2 protein chains.
Amino acid sequence: MDNYLIFTILAGVLALAFAFFLSNSISKEDPGNEKMAEIAGHIHDGAMAFLKTEYRYLAAFIVIVGAVLAIFVKWQTAICFAFGALFSISAGYFGMNVATKANVRTAEAARHGQNKALKIAFSGGSVMGMSVVGLGIFGLGIMYFIFGGNMEVVTGYGLGASSIALFARVGGGIYTKAADVGADLVGKVEAGIPEDDPRNPAVIADNVGDNVGDVAGMGADLFESYVGSIISALTLGAVLFTNKEGAVYTLLLSAIGIVASIIGVLFARRSKASNPQKALNSGTYIGGAIVIISSAILSNGIFGNLKAFWAIAAGLVVGMLIGKITEIYTSDEYKSVKKIADQSETGPATTIISGLATGMYSTLWPILLICVGVMVSYFIMDGKTNPTMGLFGIALSAVGMLSTTGLTVAVDAYGPIADNAGGIAEMSELPHEVREITDKLDSVGNTTAAIGKGFAIGSAALTALALFASYAQAVNLTNIDLLNPITLVGLFIGAMLPFLFGAMTMESVGKAAKEMIEEVRRQFNTIPGLMEGKAKPDYKKCVDISTAAAIREMILPGILAIVVPIGVGLLLGKEALGGLIGGAVATGVLVAILMANAGGAWDNAKKYIEGGQHGGKGSYAHKAAVVGDTVGDPFKDTSGPSMNILIKLMTIVSLVFAPIILKYGGILISLLK
Amino acid sequence: MDNYLIFTILAGVLALAFAFFLSNSISKEDPGNEKMAEIAGHIHDGAMAFLKTEYRYLAAFIVIVGAVLAIFVKWQTAICFAFGALFSISAGYFGMNVATKANVRTAEAARHGQNKALKIAFSGGSVMGMSVVGLGIFGLGIMYFIFGGNMEVVTGYGLGASSIALFARVGGGIYTKAADVGADLVGKVEAGIPEDDPRNPAVIADNVGDNVGDVAGMGADLFESYVGSIISALTLGAVLFTNKEGAVYTLLLSAIGIVASIIGVLFARRSKASNPQKALNSGTYIGGAIVIISSAILSNGIFGNLKAFWAIAAGLVVGMLIGKITEIYTSDEYKSVKKIADQSETGPATTIISGLATGMYSTLWPILLICVGVMVSYFIMDGKTNPTMGLFGIALSAVGMLSTTGLTVAVDAYGPIADNAGGIAEMSELPHEVREITDKLDSVGNTTAAIGKGFAIGSAALTALALFASYAQAVNLTNIDLLNPITLVGLFIGAMLPFLFGAMTMESVGKAAKEMIEEVRRQFNTIPGLMEGKAKPDYKKCVDISTAAAIREMILPGILAIVVPIGVGLLLGKEALGGLIGGAVATGVLVAILMANAGGAWDNAKKYIEGGQHGGKGSYAHKAAVVGDTVGDPFKDTSGPSMNILIKLMTIVSLVFAPIILKYGGILISLLK
């Protein structure tokens, strides 16, 4: 095994070892009193029950797609695919298992002060982060080694990761929003009981939702992004370099990114800063700095110049700026959210209009920044004289953005753990101060998470473009001509898919939420003594409804994302499929940004009003803002985040199935004279 | 002058003569009592005041852009541009002038029965229709003759038509929705007075809005579509045929379309059918049948085969099916609208979510149908061996869809005239039966209008694609390669523009509506005796607010649509501009369909509930449905309809400015090494 490969795989092992260490340290913490343990047990069981049901369906999916790959493509691809899927599943399982232990321990620790609670919650998030990058790079490294760096085959690993990500994101997103809307609408609005009140039958499902959506779903999402970006760079690198410099650079940078993430996590955990925001930021900055410096040294050492470094730096700067813009459009410190809150005074219709307008406006700068990122990383790598090298630069800038994914996931997963801790504190009737601490911890990760979102969106676009180029090479296309009406037909279909996908997932949330609402209403009406706290609600029934709905509704969109590209390729040919990917990437990124930012802005406008503006809680403006927030829920937590995965999944499906498209593609066109 | 050209210009003259005849026949009708005349006078004056203010700004715009064209492109192009703009303006002015006379006469006629009222309202709409096609083809024919069929120059006529259309649609859309929302929110909801109550200060502005938005704005829109489709076919035809067969076919077909429209109008007017829907339908079908048959005869006569006929038939079928699908998603006879009404029972948030999901779903079939239309018309015209001929087929299918534009506009403009008649009846306190008749007439045009919408959307996509191909030829691009990152950058920017444009126009409506709301509230609060009917409101103030807001807010989006394509072409080059057009067309069509159908579905869900379902008027579900309808207003009447114009305007800007792009384009790229 080559040294760089050993180093890469060892970095993965190191991350996993660190995850075990963190996991153990969490297990040693005090899980609180009996009541807390009971509630935490319900959440844990609900989350695990969902994962197990989900995995049964995913197992069938893996077997079927694996068989198709083995028969029609290559058995090696099928193996890589299965490993990608299984490793993604394992990361989600392990991370969520620990998250549902960390939540109650965070609640208990919060009784004794903020610092320790922060440490436990962040450790819990870090386990998810380290599992994602550790398993991601370990599995990829092993596949790369076994199949001798044959990227045509290793890409299957990315297909596995992407398809699991789509199911996990869609399923988790539907689960969490159905439970959330059901708990809020009947519990808070109709019955008038507070958030996380143990009398609410949907309260456990709501807390389970945070775990399966915001921990496991998000983890699978970033597993896919992380692995996808590395694969796109490796694939282009394999074409470009005879001595594997591309692979060496990409893998070493990823390995260093893991080490940097571990150092960042350690810094954030050890930080004695009284402001928890500072602790998280310091870790993030240190991790980023290590990657930047290493990328320059590696660039000079491997390529003999700093071009690769500049491509990576461009990616990082673009990602951070997109994050900043996300913040400007979604934080109540800036005018967009204030304007939405102001418009709430004239009712829900104006709240919705101004939120949608904000979301649409918010696409402008991220898109322009992505364009700048594309151009800088392309031209700096001499794309003008060697287009493939330029595309490699684009892939590298995505790798750079995602190199500290371990840290990003840690911060992202930390939020729902703190949120869950608050829920457990509420349900176990812990003192009010405990909830205050967990609320503070929950709100803290937001800025850091916004930067993570910027990286996710930016890298999705760049990775998809790089994979797109690889697809073209795989099907021997030297150009995909927009003047060819067949390409345009593909472009139209591709551009439409994110809309269709958004419609399907939004409607699924609506359907599932309706079932939940009816069940919660039923329990309130039929269980005697429930409202007086004398009888217990049937938590399990609500958990079952969310589980069943999430599983049922995730199947069709997931299958569509795989079948449509193959179908279009077979019927209309490889140019049409190229157009499809181009169209899907363009509108997918736009819809993702629109939905994420409109949802975030509505959410914070509501919180802003709850903070006392425009009449505060219960005012006319607040009621309007709640409508905005409810519309925003499936936007930002279900449909929006699935878009990034959708576009990459469709691209990687095209790439993996390229041999078939190449051989049989364009059946319909050849029938037309 | 060649015979076919004489015939074309004569057809234009015939349409105009018919318009004058109809206009005279309307003038002879009884304008009702003094009170009616007074109210109609207010509406007429308000509408004319708006047009005059708008035209002052447009005059400055025409002078500036004309000068730019004369200096940087060609003086001949500038002349064509000015004529295109002036003819579009004239059509709007003339049509709206007559519409604001027809409204009060329709109200008067409705006192004596339905048939006569239908005849007057439809005659009023037909004047607009005949003005649009008459002036459109007459001006185009003259320009074509003067400049010897030099399409490079004549395209300027389309640029003039498109830019006026954008301003008129955006300005008119903002005007009508600001007045509508202001009148409804304060008058109906807050003060609790009925629709069109004369005590409402915004009631005149609301009725003026129907004219400037739904008559003049819509007319300019279809003037642009009509002219644009013919120009796209002429441009491609000029490249293909040395003996002008392409031009002969296109122009003769358009001329026959005018004759067919006149016959259709006469049939609908003379129809003795008791059901007014049947009268309108019979006219539409007869017009369509004449075009179909003539296109076959012409195709055989000019080209010696039926290929052109099939391309046209494909366009017509696709347009009709899109119209049918529009109906399925927006009529309360189908499940989507029923579902939205059902979701209204759980409040405004679920109403919004399900309306948005419906809008997004509703993009699927129209997009697939457009794709089928593109492919059929391309391959039937031998696009596989001669791509330009295939593209000519695409252009022809758009010409086919729009050949009976005269009829489409007549039906479209008939609705707001009947609506206005109802308003006048209400304000003049005519008997209740009068309002019932006008309401019935108003609702009748909807199905026919839906088919018109299908044609508008379908033809916009096809025309834009055909113009896109002409652009490529004009800048010597033989392919626009999606694998070139610069093209992708253009694609991203282009795809983003409809979102930006939608955000701008939606926010403009919000801003203008807010001003209106405040003014109406002020008048209710400060004018003593207003609510008791003893004092008159200050109608003019509200008219002025809508006018000022519409003019102010239309400028920036209008300028952007012209400056951005030129800017991208100059900075990033002709490939990037090609990508921009491709991206803008794809998302523009999608956003247009989404907004039109979501808006229509919300509107009809509200009406469905008002018809007695889910508790009827005043119920919880009704309140939620009103929120949906208010959100849908700017969707369907401002932002949505502007998208079709936006994409064609940007394409035609690129085509007209092609010589400059060719010479100076790509400044930034050439600076990058």
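Any Cβ shown, glycine's included, is placed from N, Cα and C.
Listed as Cβ neighbours of the transmembrane segment (B:6-26) (distance under 8 Å, sequence separation of 6 or more from its ends, same chain) are residues 94, 98, 101-102, 105, 120, 123-124, 126-127, 130-131, 133-139, 141-142, 145, 251-252, 254-256, 258-259, 261-262, 265, 406. Per TrEMBL, the feature transmembrane segment maps to B:6-26 (among others).
Annotated transmembrane segment per TrEMBL: B:57-75 (among others), in sequence order. Within its own chain, the transmembrane segment (B:57-75) has Cβ neighbours under 8 Å at 81-82, 85-86, 89, 152-153, 156, 160, 163-164, 167, 551, 555, 558, 562, 656-657, 659-660, counting only residues six or more beyond its boundaries.
For the transmembrane segment (B:81-99), the residues of the chain that approach it from at least six positions outside its boundaries are 19, 22-23, 26, 44, 47-48, 51, 55, 58, 62, 65-66, 69, 124-125, 127-129, 131-132, 134-136, 138-139, 142-143, 156-161, 163-165, 168, 211-212, 215-216, 219-220, 223-224, 227, 413, 416-417, 420, 656, judged by C-beta separation under 8 angstroms. For B:81-99 (among others), the entry in TrEMBL reads transmembrane segment.
According to TrEMBL, the transmembrane segment annotation covers B:223-241 (among others). Long-range contacts of the transmembrane segment (B:223-241) within its own chain (CB-CB distance under 8 A, at least 6 residues past either end) are made by residues 84, 87-88, 91-92, 132-133, 135-137, 140, 144, 149, 151, 154-155, 157-158, 161-162, 164-165, 247, 249-251, 254, 388-389, 391-392, 395-396, 398-399, 401-402, 405, 456, 459-460, 462-463, 466-467, 469-470, 473, 644-645, 648-649, 652, 655.
According to TrEMBL, the transmembrane segment annotation covers B:247-268 (among others).
The feature transmembrane segment is assigned by TrEMBL to B:280-303 (among others).
As annotated by TrEMBL, transmembrane segment applies to B:309-329 (among others).
Here TrEMBL flags B:363-381 (among others) as transmembrane segment. Long-range neighbours of the transmembrane segment (B:363-381) within the same chain, counting only residues 6 or more positions beyond its ends whose Cβ lies under 8 Å from a Cβ of the stretch, are 307-308, 310-311, 314-315, 318, 321-322, 325-326, 389-394, 396-397, 454, 457-458, 461-462, 465, 589-590, 593-594.
The transmembrane segment annotation in TrEMBL covers B:387-411 (among others). Away from its own ends, the transmembrane segment (B:387-411) comes close to residues 15, 122, 125-126, 128-130, 132-134, 136, 218-219, 222, 225-226, 229-230, 232-233, 236-237, 239-240, 246, 249-250, 253-254, 256-258, 260-262, 264-265, 268, 280, 283-284, 287-288, 291, 295, 307-308, 311-316, 318-319, 373-374, 376-381, 445, 448-449, 451-452, 455-456, 458-459, 462-463, 465-466, 469, 473 of its chain (Cβ-Cβ under 8 Å, at least six residues beyond either end).
According to TrEMBL, the site 'Determinant of potassium dependence' annotation covers B:A449.
What TrEMBL lists as transmembrane segment is B:486-506 (among others).
If you look up TrEMBL, you'll see B:554-573 (among others) marked as transmembrane segment.
Taken from TrEMBL, the feature transmembrane segment applies to B:645-672 (among others). Outside the transmembrane segment (B:645-672) by six or more residues, the chain places 69, 72-74, 77, 81, 155-156, 158-159, 162-163, 165-166, 169, 221, 224-225, 228, 231, 235, 460, 463-464, 467-468, 470-471, 474-476, 486, 494, 497-498, 501, 561-562, 564-566, 569-574, 576-577, 580-581, 584-585, 588-589 with a CB less than 8 A from a CB of the stretch.
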The recorded stretch from B:247-268, B:309-329, B:486-506, B:554-573 sharing the largest number of CB pairs under 8 A with the transmembrane segment (B:280-303) is B:247-268
Other parts of the chain folded back onto the transmembrane segment (B:486-506), taken as Cβ under 8 Å at six or more residues beyond its ends | 170, 173-174, 480, 553, 556-557, 560-561, 564, 568, 572-573, 575-588, 590-592, 595, 634-635, 638-639, 642-643, 646-647, 650, 669
Would you kindly list the residues that approach the transmembrane segment (B:247-268) from elsewhere in its chain, counting only those six or more residues past its ends and only Cβ-Cβ distances under 8 Å?
-> 4-5, 7-8, 10-12, 14-15, 18, 122, 126, 129-130, 133-134, 137, 141, 144, 149, 230, 233-234, 237-238, 241, 279-280, 282-284, 286-288, 290-291, 294-295, 298-299, 302-303, 308, 312, 396, 399-400, 402-407, 410
